Amino acid sequence: MSSPVVGVLAVQGDVREHLRALEESGAHAIAVRRPEEVERVDGLVLPGGESTTMDKLLRAFDLQQPLRERIARGMPAYGSCAGMILLADKVLDSTTDQQTIGGLDVTVRRNAFGRQVDSFETDLTMSGVDGAPIRAVFIRAPWVEAVGPAVEVLATVPDGPAAGRVVAVRQGSLLATSFHPEVTGDHRIHRFFVTEILRR
Amino acid sequence: MSDSTTQTSPAASTGTARVKRGMAEMLKGGVIMDVVTPDQAKIAEDAGAVAVMALERVPADIRAQGGVSRMSDPDMIDGIIEAVSIPVMAKARIGHFVEAQVLQSLGVDYIDESEVLTPADYANHIDKWEFTVPFVCGATNLGEALRRITEGAAMIRSKGEAGTGDVSNATTHMRSIRQEIRRLQNLPEDELYVAAKELQAPYELVKEVARAGKLPVVLFTAGGIATPADAAMMMQLGAEGVFVGSGIFKSGNPAERAEAIVKATTFFDDPDAIAKVSRGLGEAMVGINVDEIPQPHRLAERGW
């Protein structure tokens, strides 16, 4: 079976880390910055970064509509941190004009854990990902505050002040995490996306 | 030090090297803008900035007015934090660890230990490992960048020559850092010891850079960027993102120029896109040629 082509949305953010994680997970990874590139991919990763900046660039460079259409037609997508915000149908603590691509029936709260001094890393377990706990890195991260009926909760914060908060979800072919597996060198979540969701 | 990025403990921990360096990774491909009021911060956010740098005077005014330049008034920083939802950075004087403590207690997201302010210590920089908040520091060459990383900087920016609108020094610094990294990559293992001595940086860090072909932290550019083409050129020279100081709010049309620089940073390798966003921006900042600034007034020469 040939490798699936997976795009990484490359208007801003930690694109390179996701490209590498995807390549090491058996995908052919390409950067996506233009509408015609959206058509070339079998699936898409929305990276970490600043969600308000990405939203503005998506609209300025005519990417929002093509992405909404592909996701509505069932293209698999995985968003980490800012990428989770972009996939969410509703965002709390957004800027006044902030829009999302949407598709994931969740409400997320932006910068939910606080400012950068509150950013943290911790071990957590995630359903669908076997083996040792995942080292989850939260950087000015959002959390999921409400989920629709079709959404499966895959992980919550294990302890500390935010214990129990939802930080990983899946709805059919859409996957999202509040944290950044791409910065740890542990590619199990990318492999899960490529093998379990894309090749389904 | 660099192995602190791979250490794990089961409990939740804040202020780790991975959390600090990771924050800078998330800013990549973006533009960080100097702002002196909450209104300017709002304009920057609306234009698509990934973060704002809160300071009392932009470098062009520091240069024009002279005097000692210090950390900003906490009320002003609070006002900017209140005004925007994107990350807020602020500057501390080189070596002024108490200004840094104050900025951390105000909740800023990144501290720039900056040569743009008047240095508080001419021998030592701040011990940045002591802080939960991450630091960005300026560098003119690889040795300087590695010394700052050794002290705990989680992000590096070229110094350029702030407040000039003259991009030539930023170009020199970016080229120099990249050239020295390429040189390390081509050295045989046994010559890395002397290379480390010459760079005045720890051998382990030098070896890490030689192996990876890049700094272990994100590298942005700063100092003299005034146009979309300036930003795109720095990106083509290997910067991972851009700081714009005086270039935006000292220009004729800050909101449009800010937005144009954001777009040019994303499409830095697409001349058609850069041409398109460069139209109709009005006056760029007037600027000063770095050559015309007498030596003692060159900010890039502060820090070592």
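The backbone N, Cα and C atoms fix where each Cβ goes, glycine too.
What TrEMBL says about this protein:
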DOMAIN    B:17-222  domain 'PdxS/SNZ N-terminal'
BINDING   B:ASP34, B:GLY163, B:GLY224, B:GLY245, B:SER246  D-ribose 5-phosphate binding site
ACT_SITE  B:LYS91  active site, schiff-base intermediate with D-ribose 5-phosphate
BINDING   B:ARG175  D-glyceraldehyde 3-phosphate binding site
Rounded to the nearest angstrom, how far is the Cα of the residue listed as 'active site, schiff-base intermediate with D-ribose 5-phosphate' from the Cα of B:GLY245 (D-ribose 5-phosphate binding site)? 12
If you compare CA-to-CA distances from B:ARG175 (D-glyceraldehyde 3-phosphate binding site) to each of the recorded positions B:LYS91, B:GLY224, B:SER246, which comes out shortest? B:GLY224
Listed in sequence order, residues not in B:ASP34, B:GLY163, B:GLY224, B:GLY245, B:SER246 with Cβ within 8 Å of the centre of the D-ribose 5-phosphate site Cβ atoms: B:VAL58, B:PRO59, B:ALA60, B:VAL116, B:ALA162, B:THR164, B:GLY165, B:GLY223, B:ILE225, B:VAL244, B:GLY247, B:LYS250, B:MET285
Site extent for D-ribose 5-phosphate, whole Å (max Cα pair distance, B:ASP34, B:GLY163, B:GLY224, B:GLY245, B:SER246): 12
Here are some recorded positions: B:LYS91, B:ARG175. Which one has the most Cβ atoms within 10 Å of its Cβ? B:LYS91
Rounded to a whole angstrom, what is the C-alpha distance between B:SER246 (D-ribose 5-phosphate binding site) and the residue listed as 'active site, schiff-base intermediate with D-ribose 5-phosphate'? 15
C-alpha of B:GLY224 (D-ribose 5-phosphate binding site) to C-alpha of the residue listed as 'active site, schiff-base intermediate with D-ribose 5-phosphate': distance in Å? 17
DSSP on B:LYS91 (active site, schiff-base intermediate with D-ribose 5-phosphate), three-state: which is it? strand
Just counting, how many other CB atoms are there within 10 A of the CB of B:GLY224 (D-ribose 5-phosphate binding site)? 31
Could you find out if DSSP has B:ASP34 (D-ribose 5-phosphate binding site) as helix, strand or coil? strand
Using Cα coordinates, what distance in whole Å links the residue listed as 'active site, schiff-base intermediate with D-ribose 5-phosphate' and B:ASP34 (D-ribose 5-phosphate binding site)? 10
With every protein chain in view, how many other Cβ atoms are within 10 Å of the Cβ of B:GLY163 (D-ribose 5-phosphate binding site)? 27
